[in-house]
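Reproduced below are the annotations present in TrEMBL:
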- B:18-244: domain 'Cytochrome b/b6 N-terminal region profile' (DOMAIN)
- B:44-66: transmembrane segment (TRANSMEM)
- B:116-135: transmembrane segment (TRANSMEM)
- B:147-167: transmembrane segment (TRANSMEM)
- B:179-200: transmembrane segment (TRANSMEM)
- B:212-237: transmembrane segment (TRANSMEM)
- B:269-290: transmembrane segment (TRANSMEM)
- B:332-356: transmembrane segment (TRANSMEM)
- B:376-395: transmembrane segment (TRANSMEM)
- B:415-432: transmembrane segment (TRANSMEM)
Amino acid sequence: MKKLSARRRHPLAALVVLLLALAATGGLYAAFAPADKAKADETAQSLAIDEGKKLYSVGCASCHGTGGQGTSDGPSLVGVGSAAVDFQVGTGRMPAQQPGAQVPKKKVIYSQAEIDQLAAYVASLGAGPIKPTEKQYSPEGADIAKGGELFRTNCAQCHNFSGKGGALTHGKYAPSLEGVEPKHIYEAMQTGPQNMPSFPDTTMPQKQKQDIIAYLDAVNSEKTASPGGLSLGGLGPVSEGLFAWIFGLGALIAVAIWIAAHSAKAKKS
Amino acid sequence: MSTTTTDERREAGNGEKFADWADGRLGIYTLAKTNMRKIFPDHWSFMLGEICMYSFIIIILTGVYLTLFFHPSMNEVVYDGSYVPLQGVQMSEAFNSTMHISFDVRGGLLIRQIHHWAALIFLAGMFVHMMRVFFTGAFRKPREVNWLFGFLLFFCGMFTGFTGYSLPDDLLSGTGVRFMEGAILGVPVVGTYLSFFIYGGEFPGGDFVARFYSVHILLLPGIMLGLMITHLILVFYHKHTQFAGPGRTNKNVVGAPLLPVYTAKAGGFFFLVFGVIAIIAAIASINPIWEIGPYRPDQVSTGAQPDWYMGFAEGLIRVMPGWEINLWGHTLVLGVFIPLVIFPLVLFAIAAYPFIEAWITKDTREHHIADRPRNAPVRTGIGVAWVTAYMVMLVGGGNDLWATNFHLSLNAITWFVRIAFFVGPVVAFIITKRICLGLQRRDAEKVLHGRETGIIKRLPHGEFVEVHEPLDAGQLYKLTAHEQTRPAELPAAVDENGVKRKVSAMEKLRVKLHKGYFGEQSQIAKPTAEEFEEITSGHGHH
């Protein structure tokens, strides 16, 4: 210690301290900064962007413009993020078949690898919501009842109590959520596709999104039990009323006709 | 009756003894003597009222079971029953106990579903029964009052249903109760006071479930039971109408006696009705409140419709433009108030019809023969027009489901309903009247020329004719039994003394309407006996 203390006024001391400080900062930065992508990964990423750009030019550019800047036929894709691409293309909504009130869900024509390439390209145009990982959208261990309350507060006014869908103005509609993959539900909440408002993490944290996904999984999926019998579409009193008129009263009138046809007089003739 | 017993008489059997005992106290002999042979005509459409009565009995029976488990209270509790997706959710005791009935009471869900399905069928049955009475003119003297009782049953049924499906305090029915609050608030001047009175303060408060419960299980069913018994007594008193036919006249009733035939059939029919409703309740879900969730004023779902019998009111409010008038710091919400006025008006219009028709026809005779709808084209047209207006509004009430299921624009449907509510009934009236007149012509044709057999005959000179088979006397009677009223005429403007006659404007209107009902454009003259004679006495066909 004495040695160090004796040389503290050495002309090069300041330089040494500076070097040590720089080394420490650099080391700390290296240790704590986001891990640098490996060289190979980086090339894979730029390769994906290149491939995505090719797919984009063929399938999307006619409406969204050659650089994703948008045209009169389609909105700009700058800043929509990879989550939006994964939802729109992954559910078959994009590429759109025709203009209309709303672009419907249809057969998916790209493979997941191609969708990822498209997503990489669109994400490179500007920062936006990133495609979620399985850990983010998995309903594992989420609170179903809480999800139900959140769903009734935020979603039911368009998608119905249990996500059977509903009408919006001028031919637009909130689609049924039956059989929609958890990933796509998560992405829809995050990005707000078409007429849907978006629910970013600032207004609806990841945990709440998982709760909602868990609720839908419980009440509107293949494994949902209907303890009362046929659910009649789960649409409420209109379908129940139709059923009561056609099958209820219809059957009773048929019975009445049958009884009246078996009167003493009818038997005689 | 002699009280002395002679030795030759055998000892009375136990049944006889009991009957004698009962007669001494209840006077059942006289009652049975007059009523056991009461005759009921046979026709399937005369059994529609029975469907209503039986479903009402089923509703009462199942309703009593439900009251054993239902708690009409709005105290907040946390659900801990067996339905997982609601565990830990705050809800009212009413909702909680309905969940308990549905999942944890033995047979609870089935009874709940029988109760609810029977209610929908009860109302639908009353609607069809009422239409049967309307279209056959069975509301004419002496049955006008009974028509009103029937109408009141339907009207009370609507509100019994409404208060009933509001009891579970679920999100769907809560929206309906909120709708009702909005409608009440829309009433000028007294709306706010009424609303505070009904809900015991600001909506939703803590009272309405308990209040609706009293109304649903006590007040309205009590009134309905009284109305129904009166309705039945009057049916007994007036005797049932029948369709014209051989041996069936305005002065008799042809059919089976009350005991034993009719009672056996009616008793069997009750079990068939119960069976059909139980099967439906066992296979189809109704009002799954566990999917809907408990009511919270800050939540709402799409597709929030009432049960079908209130759908007509829902339609009125959905398609009405949101007009309002702001004057002196007060708002008159026409968008709500106008539907609220039209709703009873449309219903009362059909209730008042018998009296309007009686005023026009000035017919004070008793009618016990039911009309065939075609023989009263204007009445039939008016009935179909009314049903059309009703159905158009039902479409309006379900406009969102029409939009999603048929890929239509919600706004286009709304505009269609707005126009069709006014145009549809007129078009329906014209078409119905034309069809009726066409059927009358066909009847006349059949009477004069017989039934088309489909057999083509070639005559010796090469002409082809279709062989017509004359109708038998019974069918001829059926087709010609109705009477045809001559259109009324205004009395001559000047009487025999040359004094100008005073005719009130009402009388002029009445005569005009009478001509509309019975003028040349509204009925086809039925074949006269001479015409029939002339054609049938001739040889061969012409």
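Cβ from N, Cα, C; glycine included.
Bear in mind that the values here come from a model prediction, so they are computed numbers and not experimental data.
Give me the lay of the land around each of these features.
Within the chain carrying the transmembrane segment (B:376-395), a Cβ under 8 angstroms from the stretch's Cβ atoms is held by residues 131, 134-135, 137, 308, 311-312, 315-316, 319, 346, 349-350, 353, 357, 402, 413, 416-417, 420-421, 424-430, 432-433, 436-437, 440, 516-517, 522-523, all 6 or more beyond its ends.
Here the transmembrane segment (B:415-432) has Cβ contacts under 8 Å with residues 315, 319, 377, 380-382, 384-389, 392-393, 395-396, 399 of the same chain, all six or more residues outside its ends.
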Give the nonlocal contacts of the transmembrane segment (B:332-356) in its own chain as ranges (CB under 8 Å, at least six residues past its ends).
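Those are 130, 134, 139-140, 144, 147-148, 151, 155, 182-183, 185-188, 312-313, 316-317, 320-326, 382, 386, 389-390, 393, in sequence order.
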Roughly where does the domain 'Cytochrome b/b6 N-terminal region profile' (B:18-244) sit in mean pLDDT, to the nearest integer?
93
